[in-house]
Each structure stands twice: as structure tokens, then as C-alpha cells.
Amino acid sequence: MSNVTRQPKIGFVSLGCPKNLVDSERILTELRTEGYDVVPSYDDADMVIVNTCGFIDSAVQESLEAIGEALTENGKVIVTGCLGAKVDQIREVHPKVLEITGPHSYEQVLEHVHHYVPKPKHNPFLSLVPEQGVKLTPRHYAYLKISEGCNHRCTFCIIPSMRGDLVSRPIGEVLSEAKRLVDAGVKEILVISQDTSAYGVDVKHRTGFHNGEPVKTSMVDLCEQLSKLGIWTRLHYVYPYPHVDDVIPLMAEGKILPYLDIPLQHASPRILKLMKRPGAVDRQLARIKQWREICPELTLRSTFIVGFPGETEDDFQMLLDFLKEARLDRVGCFKYSPVEGAGANALPDQVPEEVKEERWNRFMQLQQQISAERLQEKVGREILVIIDEVDKEGAIGRSMADAPEIDGAVYLNGETNVKPGDVIRVKVDNADEYDLWGSRV
């Protein structure tokens, strides 16, 4: 008879944004460290954890459906994540859920797991976790979360009510994690938070320490330190504070990627005021021009909302005019959707759905034309590409201008002598509005 003890198995579902993905990775790393197996199927698991998203109504619905599926297939379910902040809403639909915790409640999640599926016995000297921890991304890139929460109160958003005010991670801790990731083979770090440019504001940019050296807790100092690791560093979710200007020279010098993800949301000063967002559109255009003068290779990504309450045709036209002048490289656009608990719900003059749809189509048509023109400028040039996938037909990678999942790709047909994580030089042969095609130099 075998005396091998069966390891308890945990199923895991991770929904939502990269910030939620990082939370999932942390929970999974702790579970693996304690000796739990993480399995891909519900019926094979002793319990299922669902890390939910609650940002917009469609995300709430997806989360509730995932919880329901886990209950049907397994029966023992713990819920965490952003929707977990709305306990009553979950209990009303799924009363059989065992436990519910809010976002970044790692310790609570683990305590609940220990209660229902006791910790297994395992050899503490046998490492069950890779050096970089359990990652849900490919091995060659990783998200680095530098803070939690947000101090802004944008009227379309409920993140602060779910994740709280800004809490910056100690800079020494952040840099140590980055170093571990690089040592484990990561070639690209994507810096994320709810508000990356506010990093350190809550601690008055106090001085921390890394490897015995003093380092200021700020976005600029963080970028300076990350640049020493010799990998690609990409900034996401950058609020347009004045000090963002200070990172552009670092991009021009090649210290971090010339890529800025800066959600602007709209271009009408009146709508921006209703959103409780910065409203100096002329100033933003001047800054964009200045940034490009300092760093000609700069890629600008942004997101916008159309059909926000009170948006008139004149407001929308201001947005289109802004797009024409700014000529942003990568743009996402969302039709405004009411979110339970958001301040914008109480605003007058809600925009009809058919008007939102019509404006969204006009927005996308214009931006696709701009994006296609911007990418066409790259044809004939040589660029660096990091490889993401390789199969018998060729390789797929990304340029410095492309973040994983949300931007375009570079297709290298017939190029099979590479592996994920390789950075190679490519000549661009063709382009459309989103992607590039090229050949290895």
C-alpha cells in the first residue's frame, strides 16, 4: 500500500485587469509554497478560488457567471477580488459561496483555504515555487505592481471604493522583486498600478533603501533604478501629472521603453470636469508635442470614453479634433456604461445607446486611419522585436511600441529559429492599422 500523502488541490479563476492578475499570482505563489497543488479543472479540485473583477457591469456579470460555474462544477468556492467588496450582491445571487473577501486580501484568502482545506505536510527544504514565484504570464515578461488603490475620484470609476486610497509599496521591496524576476529570465517588466505616476505620494516620496543604497520613492527614481537591470521596462496607467515630463528624457536615453500609457478619457473641458479629470486639453497637446521633440520614438497609448452623461455633439467633435491633432499611436475607446456606485450615475442628460454606438463607430474609424498612417511610417525601417510565440509557420513578437494583450503584434512568417524572450532586429515590410509584418535582419 502506498504511503504517499495526496496533496490538496486548488482550482483558480483569475478575471479582470493585469493588477488583478498580479494579485492572483501572489495568492498562487503562497499556496504553492505551502504545498497545495493548483489544478486547471474544477472537478479535480478540493476547492475553487475565483478572483473577480467589478469595474463595469459586464465584468460584474462575468464574475457572477464564473462563480456560478465553479459552484456547479465543484461546490466549494471562495470569492476574492474587486467584486468581493460587494458581499451582499454576491450572496444574493450565490448564497452557497463559502467565504467572500475584497481585493488584495491575500492573508484572509489563505486563512479561509486553511480552514476548509487544511495545509498539507511537505518538506520545507524542497522548493515548490520557481524563483520568480508563480506567474500567469509567459516566462519572458511579468507585471510589477508598485502600489494599490487610488486617490482620484473620477465619477465613472468605483475602484477607490473597492481598493481604497493609494498605498505605495516600499521601493526596496519593488526593486528586489524586479531583480528576482530578471534573475529568473524575465526580459520585459510592465509597471502597473491604479495610478503609476502617483507612486510615493502617500509616503511623501520618502527615501527607502535597495542593496544598502538610498532611493527616493517616486516614479522617476523607480525608472532610473529599473533601467539598471538591462531589460525592457514599460509604464502603464500613468496619470498626466506635470512630473511625467521627467521620465521622457529617460526614454530618449534608452533607459526605459519609449512607451507611455496615459489614459486621457476625453478632450472636452466640460466633460472632463464632469468626470473629475484634468481639463487643460491645450496643455496636453503642447506636452505631447514637447514629449515627441525630446523622444521622437515615443509611442503614446490612451483610452477614451464616448457617450458620457451630458456629452453633446460639440463635445464629441472636440474629441475627434483632439485625435486628429494628437495623432496618438495606440487608442482604446469605451462606450460609457453605468457602474453601480459611480458618481456619474446621478448626472443628468444620459446619452442614448444608439448615439453612443454611432459616436463610438466614428471615433474608431478616425483612429484606425491615424493608427494605420502611424504604422505605415515604420515600413522599411529596422526595429527591435521581442518574441512571444513560435510555431512551424513562424514567429509572433512585439516591438517597443506594443504592450502584450492590448496592442498590436509583429508577424515574422517563416522565422522559426528563435524562442520566446529573444530580442531580435527586424526590418518592417508591411503594416495595417494594428500590426506589422517583417523579416529578421
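Every residue gets a Cβ built from N, Cα and C, even glycine.
Take the [4Fe-4S] cluster 1 site that Swiss-Prot assigns to C17, C82: the candidate from C53, C150 listed for it is C53. Note: C53 ([4Fe-4S] cluster 1 binding site) has non-local neighbours L15, G16, C17, N20, A59, V60, E62, S63, G81, C82, L83, i.e. same-chain residues 6+ apart with C-beta under 8 A of its own C-beta. Mean pLDDT, taken over the domain 'MTTase N-terminal' (8-118), works out to 89 on the 0 to 100 scale. Comparing the binding-site residues C154, C157 by how many other C-beta atoms lie within 10 angstroms of each C-beta, the top residue is C157.
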